[in-house]
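Engineer: One structure, pasted below without further comment.
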């Protein structure tokens, strides 16, 4: 079963990172559009994706992670500054809670599930980070790196979601920066700053895709080929072109987030860990403990399957309606 598990895991990881790259492209293009349209008239978001293609491709051509580190550092600093400015606009003249509908539509719950899964999962870096730690046991302990980081992230996402909805109500966009004033120079600067920050990080998920495909499937075939470096750049270019092609096909930020979150993350972050743990340790339990152990993992697996099915179904239905104008 191990060889098949490896292929399936890598396949879903590639899909996950490819989807994340597409979301980043849509985010960058959307924020650029929000600024430029103000001065040159409204244009299709796809034009802005084409505009940023070559700069991002140059970043994706970088083959050494150490060379990508400075870009990530700049992106982190810019993101933190942008968050602060965004919160300033959110808390300025914020309405009362009584002015907003406190509940949503249950039909949109699968879309919410996909969005949460996309936001909270960092499956591509969890294992490498744990392996690089001096004391890996502290990664998954009760107050370890993973739990503390997830609590911190949950607080940030919940805070932005709650106060963003309180400020902008049902008009809240897929990215809250798109709700910032169109005629305010500082707000426009924030959009460009965050767009630049995300553009600098697109190369990271692209690198993961390249690394899996190259090292697991291609490198061994080209060990003695004098054009191996050329093929490496061809592969990087192909991955980048595919990313932009999918983003151009479905240029809707919130629906793409929900689709990727529902399609890939339930398997990678919920079902696969539960299944692996069950197969590995079920025979170490006995009696009632074994029954409870199996039942717990089966329930977790079913939650992932149901979340995946309902989330993908709802996302595809909304994409067909919003993007392709097809009613089901």
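Backbone N, Cα and C define each Cβ position, glycine as well.
If you look up TrEMBL, you'll see 7-30, 45-62, 69-91, 111-131, 143-165, 185-209, 230-250, 256-281, 293-312 marked as transmembrane segment. Here TrEMBL flags 12-313 as domain 'Amino acid transporter transmembrane'.
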Engineer: Where, among 7-30, 45-62, 293-312, do we find the most CB pairs under 8 A to the transmembrane segment (256-281)?
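Structural biologist: Highest pair count goes to 293-312.
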Engineer: Return yes if the transmembrane segment (69-91) and the transmembrane segment (293-312) have at least 3 CB pairs under 8 Å (sequence gap of 6 or more), otherwise no.
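Structural biologist: These two segments do not touch.
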Engineer: Please check if the transmembrane segment (45-62) comes into contact with the transmembrane segment (111-131), where contact means 3 or more CB pairs closer than 8 Å and the residues in each pair are separated by 6 or more positions.
Structural biologist: no
Engineer: May I ask you to check whether the transmembrane segment (185-209) and the transmembrane segment (7-30) make contact, with contact taken as at least three Cβ pairs under 8 Å and only pairs 6 or more apart in sequence counted?
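Structural biologist: Between the transmembrane segment (7-30) and the transmembrane segment (185-209), which are separate recorded stretches, there is contact, as judged by 3 or more close Cβ pairs.
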Engineer: Cβ under 8 Å, sequence separation of at least 6 from the ends of the transmembrane segment (111-131): give me the contacting residues as numbers and ranges.
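Structural biologist: Distant Cβ neighbours of the transmembrane segment (111-131) are 13, 16-17, 19-20, 23, 104, 139-140, 145-146, 150, 153-154, 157, 205, 208, 254-255, 257-263, 265-266, 268-269, 307, 310-312, 314-315, 318.
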Engineer: Is the number of Cβ-Cβ pairs under 8 Å between the transmembrane segment (7-30) and the transmembrane segment (293-312) three or more, considering only pairs separated by 6 or more positions?
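Structural biologist: No, these stretches are not in contact.
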